[in-house]
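> Have a look at the structure that comes next, please.
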Amino acid sequence: VSPWDIALCATGTAVAGENALVLAVLFYTPSLRAPMFLLIGSLALADLLAGLGLVANFAVRYLLRPPSEAAELGAAGLLLAAFSASVCSLLAITVDRYLSLYNALTYHSERTLGFTCAMVLLMWLLCVGVGVLPLLGWNCLRDQSACSILRPVTKDNAAVLAVTFLLLFALMMQLYLQICKIAFRHAQQIAVQHQFIATAQATSTRKGLSTLSLILGTFALCWIPFAIYSLVADSSYPVVYTYSLALPATCNSLINPIIYAFRNPDIQKSLWLACCGCVPSTFSSRPRTSSDV
C-alpha cells in the first residue's frame, strides 16, 4: 500500500468529517437559511463528497478484488463532480459577496432563497455532468498511452479541466479585487461622516487585504501547482510528483470550512450552542460590514 494513498485516504476522512459537521450545523439551525448559508452548505456538501471520493478511490484500488472498471470509473467520476462543485461553489460565494456590496440596496430583494436554490441546483447538474463523462467513455482505460496524471481521465480532457480551472481562478481574483475596492470606498464614506478618516481607512484596508490574501493565497497555493502540472505532464511522469501536488489540492477542502464556515459569527454561535449549550461571554455578535469582505 502506497503511503501517499494512505495520506490521501486519511485526508479524505478528515475532510468528510469536518464538512459533515458544517452541514449538520446548517441543517439543524433554522436561523441559517439565508442564501449566503445555502452557498456555504453547497461548498460543504461538495467537499464532503470529495472526501468520500478519496476514501472510495482508496477502497477501489486496494480493497476491491477483483478490480472493477465500473467501480474505478465511478470513484473517478465522484471525485471529478465533487471537486468541480467545490470550485464552482467557491466562485458562487465570490459572486454573492461581490453582488452584496455592488447592489447593496437591492441585494436582499433580488437574491431570494428560491433564486439561489435554482442557481445552486443548476450548478450541481453541470458538475454531475462533468462527473459522468468518464462513465460515458471519456477515459483512457482502453488506451493507457492517452492517460493523464488524473487516471482514468485522458490528457486532452485533463488539459481542458486545468484551463477551465485557471480561468475560474482568474475570474475569482478579479471579483475579489473589485470587492476590496468597493469595501475600501464604503469605508472612506463612513470615515468621512464620522471624521475618523485615517483610522477607518487603515482598518478597512488591513481587513480587506488580509481576507483577500487568505482566500486567494490558500486557493492558489493548493490548486494552481496541480493545475499547471496537469497541463504539462502525462502518465509517464513519476507518480510521486502527482501525489505531492494532489495532496495539497485535496487539503483545500480541509481548509474551506475554516475560511468560509467556522469564521462566520452565526455558525460559531451555533457550534457553541450545540457543543456546550452556551455562548462565551467573549463572543462578539457584531454584524459583518463591508470592510470584513
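Just so you know, glycine gets a Cβ as well, placed from its N, Cα and C.
This is the feature table in TrEMBL:
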type     : residues : note
DOMAIN   : 18-260   : domain 'G-protein coupled receptors family 1 profile'
TRANSMEM : 6-29     : transmembrane segment
TRANSMEM : 36-64    : transmembrane segment
TRANSMEM : 70-93    : transmembrane segment
TRANSMEM : 113-138  : transmembrane segment
TRANSMEM : 158-177  : transmembrane segment
TRANSMEM : 209-228  : transmembrane segment
TRANSMEM : 240-262  : transmembrane segment
> Check the transmembrane segment (158-177) against each of 70-93, 113-138, 209-228, 240-262 and return whichever range has the most CB pairs under 8 Å.
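The stretch with the most close Cβ contacts to the transmembrane segment (158-177) is 209-228.
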> Using a Cβ-Cβ cut-off of under 8 Å, list the residues of the same chain that are 6+ residues beyond the ends of the transmembrane segment (70-93) and lie near it.
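Sequence-distant neighbours of the transmembrane segment (70-93): 36, 39-40, 42-43, 45-47, 49-50, 52-54, 56-57, 59-61, 64, 119-120, 123-124, 126-128, 130-135, 139, 141, 150-153, 161, 165, 168, 171-172, 219, 223, 252-253, 256, 260.
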